[in-house]
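Trainee: Submitted below is the structure of interest, expressed as structure tokens.
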Amino acid sequence: MRRCPCRGSLNEAEAGALPAAARMGLEAPRGGRRRQPGQQRPGPGAGAPAGRPEGGGPWARTEGSSLHSEPERAGLGPAPGTESPQAEFWTDGQTEPAAAGLGVETERPKQKTEPDRSSLRTHLEWSWSELETTCLWTETGTDGLWTDPHRSDLQFQPEEASPWTQPGVHGPWTELETHGSQTQPERVKSWADNLWTHQNSSSLQTHPEGACPSKEPSADGSWKELYTDGSRTQQDIEGPWTEPYTDGSQKKQDTEAARKQPGTGGFQIQQDTDGSWTQPSTDGSQTAPGTDCLLGEPEDGPLEEPEPGELLTHLYSHLKCSPLCPVPRLIITPETPEPEAQPVGPPSRVEGGSGGFSSASSFDESEDDVVAGGGGASDPEDRSGSKPWKKLKTVLKYSPFVVSFRKHYPWVQLSGHAGNFQAGEDGRILKRFCQCEQRSLEQLMKDPLRPFVPAYYGMVLQDGQTFNQMEDLLADFEGPSIMDCKMGSRTYLEEELVKARERPRPRKDMYEKMVAVDPGAPTPEEHAQGAVTKPRYMQWRETMSSTSTLGFRIEGIKKADGTCNTNFKKTQALEQVTKVLEDFVDGDHVILQKYVACLEELREALEISPFFKTHEVVGSSLLFVHDHTGLAKVWMIDFGKTVALPDHQTLSHRLPWAEGNREDGYLWGLDNMICLLQGLAQS
């Protein structure tokens with residue numbers, strides 16, 4: 001017990017008789033905030049507050065304590081017209097909010113002295129009754145929280161929060177950096193659209209859409225708002241600034257790295273590499289600075305972004321001088337329109353007519369160019385890699401068997417254009433209707449070749465289009481390896497050559513594809529013209545691959561590990577083809593022997609097939625499929641260019657082709673393939 005300067009020493013009985021406020025003032029520790037020179041304590045009867053004891057005792061707000069008047073406890077701030085200033089405390093990053101929890105701190109004008117921080121802590125031994133009597137705010141000293149022990153409506157704020165403080169009637173705005181936590185009232189809430197709002201006792205004002213308020217110091221020490229559109233507004237002193245969130249807490253972005261916060265739509269915002277954050281909204285994403293500025297968007301209007309260059313210059317020039325208001329990092333992200341999906345183009349074959357053809361292979365250049373007439377490229381190396389997937393994506397959105405179709409997509413890829421296929425019922429595939437293929441499949445269902453072709457289930461109408469429904473050949477395989485081999489000594493019909501000669505039209509796309517494979521292939525005239533005719537290109541195409549030397553060529557291979565190779569345009573020599581086939585089966589002699597057996601059975605069926613003898617089979621492929629279980633099968637696919645011969649005419653399918661004899665060299669190529677695979681299986 002220390003001696004009171006105006007009274008003698010007190011014994012315990014006398015001390016107990018004093019009012020609680022006076023006794024607490026006597027017991028307060030030394031070393032609190034000192035008075036400035038020239039400011040004397042007013043004597044008795046000098047207009048002291050009613051709470052001051054007789055004899056010039058301590059003020060109701062003593063050194064080291066933080067007492068508030070009754071209006072402040074009610075959350076109303078100082079009484080109107082009050083001119084008496086209130087003391088300001090300097091703490092180690094912690095503020096003393098009013099009882100209403102609005103994060104308000106008042107300060108004495110033009111007085112800022114930093115006392116000994118040890119004197120700012122109050123004794124924990126004071127009873128709860130004493131605290132209730134004096135409305136004292138205490139600092140626990142254990143977890144760094146400023147708490148009001150009698151407020152039940154306060155909630156803690158995360159550690160990285162930084163309060164916005166409001167001065168008294170005549171005081172400036174200040175911002176205090178905190179490292180601890182501060183309690184905030186749960187009832188301080190506003191509409192949760194992440195806009196800065198100014199809550200007034202009479203009205204609620206909102207900032208203009210797209211404006212990003214910040215603060216800048218002026219010459220007289222007051223604070224002004226700085227909007228992202230360059231305008232400034234004098235600060236209103238009637239109420240505090242609050243940053244509303246959906247949970248009622250007030251938060252401030254860390255100056256070093258922004259935290260991720262949920263947007264109005266519940267989406268998670270993504271962290272940029274420079275520390276700023278992007279907040280998506282209901283109709284688009286916006287980019288917001290990582291520190292003090294928020295580019296919020298109300299639900300009833302769009303956000304207008306200012307010019308990036310003007311905004312950045314304005315913010316940095318006005319805010320970099322303030323140590324209390326870190327410069328916000330604002331990044332304007334231009335909106336990039338999402339690329340629209342490419343529509344599925346019309347089929348390259350003329351449907352429904354005797355001269356119409358479906359695609360025989362997605363890797364056959366000449367097939368896609370023969371009747372297209374539009375210069376579309378079918379070579380997978382010449383087309384965009386995403387284009388087939390866009391077509392497939394459009395196709396699959398109508399399918400109830402998406403997973404099954406994706407699993408078996410390699411067969412579609414190796415056997416025809418993805419845009420010509422859709423998934424049918426389980427175990428079936430829908431291929432765009434072609435009358436030539438329809439007639440061929442209907443006849444093959446009654447032919448000895450029936451086991452070697454996909455089962456045909458007739459025509460179906462789906463989504464306004466007609467399809468041929470056939471068997472999914474990969475339904476019984478697990479992780480299959482697939483190879484597509486184009487059979488025959490030519491892949492174009494004689495009628496196509498005749499039509500091309502009747503209407504010759506040099507094509508630039510044919511020239512470009514020819515030069516891409518062999519720059520020296522075009523003649524000097526073709527080089528000068530920059531174009532070649534279709535017959536010239538088709539005949540040259542056959543001579544570049546093993547079609548002209550072996551009667552078949554490898555179109556594409558998809559391995560079980562997912563690798564796919566279609567670069568076989570120059571695979572012509574026997575040694576090259578042998579190496580590709582050996583790699584396809586990974587040197588598995590058992591698989592090779594099964595393939596040889598299947599091909600021999602197919603050859604026997606072809607030699608006795610009435611259909612095969614009376615049809616010119618051009619552009620058809622053999623589909624090789626095997627998997628890790630040892631299952632291996634071969635099918636004939638793609639009959640879009642299979643046409644019937646004139647009456648009483650048959651083909652051997654082994655004779656060399658000469659224009660007019662209609663020989664296709666199918667069996668010649670099959671004989672060479674069987675011989676080659678037999679050699680691999682026996683080696």
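Using N, Cα and C of the backbone, Cβ positions are placed for all residues, glycine too.
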Trainee: Out of D484, D627, D647, which does Swiss-Prot tie to the same ATP site as K431, E471, D472, L473, K558, D638?
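Mentor: Record check against Swiss-Prot: ATP site with K431, E471, D472, L473, K558, D638, extra candidate from D484, D627, D647 is D484.
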Trainee: From T336, T523, pick the one Swiss-Prot annotates as phosphothreonine?
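Mentor: Among T336, T523, the one Swiss-Prot marks as phosphothreonine is T336.
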Trainee: Candidates are S9, S127, S415; I want to know which one Swiss-Prot annotates as phosphoserine.
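Mentor: According to Swiss-Prot, the phosphoserine annotation belongs to S127.
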Trainee: Can you say which of 324-332, 450-458, 675-683 is given as motif 'Nuclear export signal' in Swiss-Prot?
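Mentor: Feature motif 'Nuclear export signal' in Swiss-Prot: residues 324-332.
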Trainee: Candidates are S317, S404, S620; I want to know which one Swiss-Prot annotates as phosphoserine.
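Mentor: Per Swiss-Prot, phosphoserine applies to S404.
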Trainee: According to Swiss-Prot, region 'Calmodulin-binding' applies to one of these ranges: 509-517, 590-598. Which one is it?
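Mentor: Result: 509-517 is the stretch Swiss-Prot calls region 'Calmodulin-binding'.
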Trainee: Taking DSSP states H, G and I as helix and E and B as strand, how many residues of the region 'Calmodulin-binding' (509-517) are helix, strand and coil?
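Mentor: Residue counts for the region 'Calmodulin-binding' (509-517) by secondary structure: 9 helix, 0 strand, 0 coil.
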